[in-house]
Amino acid sequence: MVRAVLLSSRSGVSLSNLQVEYKDLTGELIPYKQLGYATLDALLHSMPSVVKLDKGQSGEVVCHATTGNEVTRITKLAARQHTAKRTGRPQVVNCQMRVKPAAPFVLNDLINRVCDSLQIYSASVYDFMVLVYSLSLQYSPSNLNENTTPAKPKLPHSAPYSPKLVQSRIKEVLNKHSNGLWVSKLPPLYREHYKQDLPNEALKDLEHWTHICSVKTSQITPQSAATPPTPDKSQFHHNKPQTQRSSATSKSSTLASPRDLPPDVKQKLGELLLKYSSGLWAHALPKLYQDTYKCKLPEFVLDHLTLLSDICTIDYPMPDNSKRAILYAKVLEDENRNQSGLAGSETKETVERCLSSQTVPSLVIPREEYPSVLVVEASDTNSVILRYIGEGYSKAQEKLEDEMREFYGQDINKVALTSPLSGQLTAVHAEEEEEILRAQVCEVMADKVKVYYVDHGFSEVISKSKLFELHEKFYRLPFQATKCKLAGLESFSQEQAVLKRFESMATGKILLAEILERKEVPLMVLYDTSQDDDININAACMKALQDKSLESPLKVNSAYMNVNVTSVCSDGTIYCQVPSRGLTKLNGILEKTENYLHSQVTSELLVSRPFCGKNCLARYKGKWSRVEITNLHGSRVLDILFVDVGIRASVEVTELREIPPPLLRDLISTPPQALKCCLADLPVSVGSWTPDAVHWLRDTVLHCSDCSLKIAKVDESKRLAHVYLFTSKNFHDTSCSLNQQLADLNLWNHQKDVFLSSRGPSKSLNAPTNPATIHNTDVQDKAPHTLALPPLLELPEIGQNMDVFVSVACHPGHFVLQPWQDMYKLVDLMGEMILHYNKMEEKPLKVEKNQVCAAKLENNWYRVLVKGVLTNGLVSVFQLDYGKHELVSCTQLRPLTQEFCQLPFQAITAQLAGLKPRQWSEEASIVFRNHVEKKPLVAQLDSVQEASQSWDRKVVIYLVDTSQEERDIWLHDIMFPSGFLNSEVHPEFSV
């Protein structure tokens, strides 16, 4: 984490400011005392592989990240680039992917992707933390504007639990050698157990990891005292609650095992865990085991997870809940298997040896999550030729070619290659652009030779007179033309329809690449980000295999009976299945799929590598149906679209299955059978429907088994049919259509006032006024549902301290806090809300002022209080856990279930103590926000203005910033200067 902080500043970080920067990133101070050092300076001097200390111009000590071959800078995805078929001067290309707006639950996504990447990268701990930092940049609110340079990220809404995996693994190895072992034996043992190389930095820092081991005279022994002391809670320096794994682990380790786990059960569990390299929640095991092996998992397994300790690592992200565990498979390598060479970059000796034999080092895959690539060509989607763009790649190549042009521009250096041999490296003079390029001889002819340009990825037949001997100094840069495999297209890699689509969409373009697997030929998903919406190239190529003759028919004035309306969206869009050849074929294939999955007892069909655009299977109404993955919330929860019924849902990855290989081609070639429609001749357009109209249409058509429709017109660009819909076969008379009935029912009128009155609908006037309950009613005539609200959040005694996170700050008289210690519970709650509400059928909710419900904002679900309802269908809501006011469509509201009312609402409205109430100037408000918003602080309670509801409750507190090592900063002291009282600009603000 120190390295991640230092890498964010090219000019280094002053020693006095390092703690502030570190706390901004992690939420806590560097615990040098817990690590056994008297000062921070002493700790830093003990980590030469991480930090280098220099004297600045003013004499102050400045910390710099130690550079090395292992570290690849995380750079911006923009570079000058040559075209694929022609050499020439570079052009400026912007290929940065747009970042979707951040939301609190993306923390789970961040954690899961980081854990997932650890398995893929085979990275050292500090490289891994650089990845954490780069991902946090993506999720930072300051990074939402693509036209601005991303600022240093602030702490997310919740603090991630980041186990030091390398140290944990070393502990596991040492526990099997209680008498110790030679340090030289640790790397091969580590590789044997985890199929990864032990990072060199870990060997350098071993002697400083006294909490896990002791190193003396080249021998390493396990340390018995492995848990660092807990800080004194009475002090201000406790910005983050202690979340030691040992507390949860001890709970499960004290349970006695009733019996040994049968070997066949253990083997099957091992197979399941290997399918989910980023970890598997323990609670998902029973259903997954049942679905895969058609038998029950012994019930005692979940209560005795230690029985699995030899096949997996058990992690407890919530220390106070031993039932919520994540299991990570242990990969044991075959002893007879040849060990691969070095991980990461080559050593200096290896490079020198390569140069002496005129070989070129291998190209290292970029470490950033979304590198930019130039696609050269593809005759096979399993072997797409491309080049990476950016520092160390295209820019390094341009520098090399500039050097080659200068070098071979001197006649003395032009040594002709008179007798070229196949496979020989050479320098080629490209006359058109006066370039000198590296190439490899492919074929020698009479007076010509076929060469492959190793940095540009294409071949050409040229005259032998253009060949020169390649000087040794031009062997140092890896060949820039490399290959990748396109995810999802493995079985159709040479299909002409796929290759033709890829040629038109990708060849010669700079795209963004998502690297799923980092192998010799990496597995990728490519995106074109040059349009308003990002285009998934892999998914587009897969659609090229669809048989157009099997598409749902779209002919104007055509009428269809026996129509099945499968979905009515909140914007008025409907999806139908009409009788067709495609639907008949699909039903037959899905029946075969059902039989296949029912008869197979194997883990091969579990989806272990989900990605956007992937086609797979999920259950819909009890049967397997085709889905496309549309979004990932980490490695556990994802959004899917049932392509044949037009329904979106959120599921856990364990609920997905791969399409069986024997049926893959048939299912992929059959187009989606959900026909997208909207009702013609209505007084409002799609997107302006009221909840009442949506609900009426759903009640009318979703349970009708014999609908009919007539197509009025077709929007080919959107593949949208404007139709008349009927619940009978009388489709000749449009006056009998549901379109006409909807128009006559007058369900489109909104209330005249901008906001509804505080009374709400008349049917709620006589509702009980008990402040502990709120009554929700939907548009159906059902009895009101009484929702028991959660208890008020417990606060410390007056004068006591609590760790808080400031989620919103307007000015010292109004800001919102969240208690730090329960943030992980809120993250878990939001994950469960995503799974619950995204699976629910959409039902309009009749909204009242002061109603508590669930609202969907930026693909996440929040607990909210309705503040008012506007006439245009928007609702003003207050986020009860984050303290923010938002506008949301009424179609995005759902009843809050009792299950999600156990955790107290987390937002605490506050004002700063020690100051008299006043009208704060804009300058003062900005200074205050800069000091506190999105930061963890310590709060000392001064007084409480109690109320029956949490949103009416208010606390008066002192805020203390404890990030400075030398002193604590009381915020009311900063806001008190006379400059604010006279409405002058505060000196700090002017700076």
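Residue 1 is the first one shown; counting continues down the chain.
The backbone N, Cα and C atoms fix where each Cβ goes, glycine too.
Whatever TrEMBL says is automated annotation, not expert-curated.
Residues or ranges marked as compositional bias 'Low complexity' by TrEMBL: 246-257.
Annotated domain 'HTH OST-type' per TrEMBL: 1-67 (among others), in sequence order.
Averaged over the domain 'HTH OST-type' (162-230), the predicted model reaches a pLDDT of 70. As annotated by TrEMBL, domain 'HTH OST-type' applies to 162-230 (among others).
TrEMBL lists 261-331 (among others) with the feature domain 'HTH OST-type'. In the domain 'HTH OST-type' (261-331), helix, strand and coil residues by DSSP number 32 helix, 10 strand, 29 coil.
Residues or ranges marked as domain 'Tudor' by TrEMBL: 419-477 (among others).
As annotated by TrEMBL, domain 'Tudor' applies to 609-666 (among others). Helix, strand and coil counts under DSSP for the domain 'Tudor' (609-666) come to 9 helix, 30 strand, 19 coil.
Annotation comment: TrEMBL describes 846-903 (among others) as domain 'Tudor'.
The region 'Disordered' annotation in TrEMBL covers 220-262.
Most Cβ pairs within less than 8 Å of the domain 'Tudor' (609-666), among stretches 1-67, 261-331, 419-477, 846-903, belong to 261-331.
Across the domain 'Tudor' (846-903), DSSP classifies residues as 7 helix, 30 strand, 21 coil.
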